[in-house]
Amino acid sequence: FQMKRDSGYSTMTEQQKQEEKLWDAIKMTAYILGTCLLMFTALMNSVSWYMQNTWNISGHFWQTTWLKFYDHFEGNEWTIFLLGAALVPSLAFWCFNGILMVADVTGKPTFITRYRIQLGKNDPVDTKKLRQAIYTVLCNQFFVSFPMLVPMFYIMKWWGNTFSKELPTLQWFLVELSIFTLVEEILFYYTHRLAHLPLLYKHIHKKHHEWTAPIGVVSIYAHPLEHIISNTLPVMTGPMIMGSHIVSIAAWFSLALVTTSISHCGYHLPFLPSPEFHDFHHLKFNQCYGVLGVLDYLHGTDTVFRKTKAYKRHRVLLSLTPLSESIPDAPKKAE
């Protein structure tokens, strides 16, 4: 009987100890989680405060700069529109492509040419072919793009927001940017795919596809009709729908021109968007028609691309090792 009592007492003691341990563990967990939550909240509040403070300061700077710029031109809307919608994007386009063309023609600096996508092509680029491309691009800019800004100017004036003395907030610009990108994706995909119909391809789009291994400047090397429908209208439509501020238009046009130059540049450079998707289109012609690839996925026009090494390389390169080295193409079979 005594042994049973001792055994029961021992079991109760062990159970109490386990309950105490469990309670201690709960208290410790609650303490750690509570401390972490407080630290996280304090950190987030600090970060939010810092970002808000930084945005307020930078916002004030840009607002003041815009007012000085506006006053310098005495509110001349046509001049301001030309500078924002034509000059600034053109400078962005030619400055970026100027650097790429030096690498295309001279093969220097070598750290850029290491990242060539289609190895052995444009190494160096045919200067005669390049001069012809530059001539066509300049004609498209001066005789197609710039005249199209005239009706756009009057549409923007009708909206009445484009030349406001108050700049849009960063949050609103990001909303606009999302809409611009969506509109461009839809319009470019379907007009581009339409341009690949045999009759239109033969007489219009074939010019752009003379470059099976593209370089940056040929992003707007195209037949004038194609330049209007596929290159210019998809980019202009978003701001016209939204009645955007000229600063938003200048930023969007510049971003669109630099982004399409990256897509055509022929180099998969570190920390820049991947050009593998559109480079593959120039290589195969019947794949990858869009900008983002969303509509290609929905319509199944990227199925071949998804089976290739190019698809595996289609990501932002976050190291200095070229993806052509880390993800090389399979060796060609001997004939």
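Note: Cβ is positioned from N, Cα and C throughout, glycine not excepted.
What TrEMBL lists as transmembrane segment is 30-51 (among others).
Taken from TrEMBL, the feature transmembrane segment covers 78-103 (among others). Panel annotation: around the transmembrane segment (78-103), residues 69-70, 109, 112-113, 125, 130, 141, 145-146, 149, 152-153, 156, 162-163, 215-217, 246-247, 249-250, 253-254, 256-258, 261, 265, 267 of the same chain, lying at least six beyond its termini, place a Cβ under 8 Å from a Cβ of the stretch.
Residues annotated as transmembrane segment in TrEMBL: 133-155 (among others).
Taken from TrEMBL, the feature transmembrane segment covers 170-190 (among others). Long-range Cβ contacts of the transmembrane segment (170-190) within its own chain (Cβ-Cβ under 8 Å, at least 6 residues beyond either end) map to 55, 59, 230, 233-235, 237-239, 241-242, 244, 248, 251-252, 255-256, 289-292, 294-296.
The average per-residue pLDDT of the prediction over the domain 'Fatty acid hydroxylase' (179-301) is 95, rounded to a whole number. Sequence annotations record features per position, and here TrEMBL assigns domain 'Fatty acid hydroxylase' to 179-301.
When Cβ-Cβ distances below 8 Å are used as the criterion, the transmembrane segment (241-262) is approached by residues 66, 80-81, 83-85, 88-90, 92-93, 96-97, 100, 156, 159-164, 167-168, 173, 176-177, 179-180, 183-184, 216-217, 219-220, 231, 235, 269, 272-273, 275 of the same chain, each at least six residues removed from its ends. What TrEMBL records for 241-262 (among others) is transmembrane segment.
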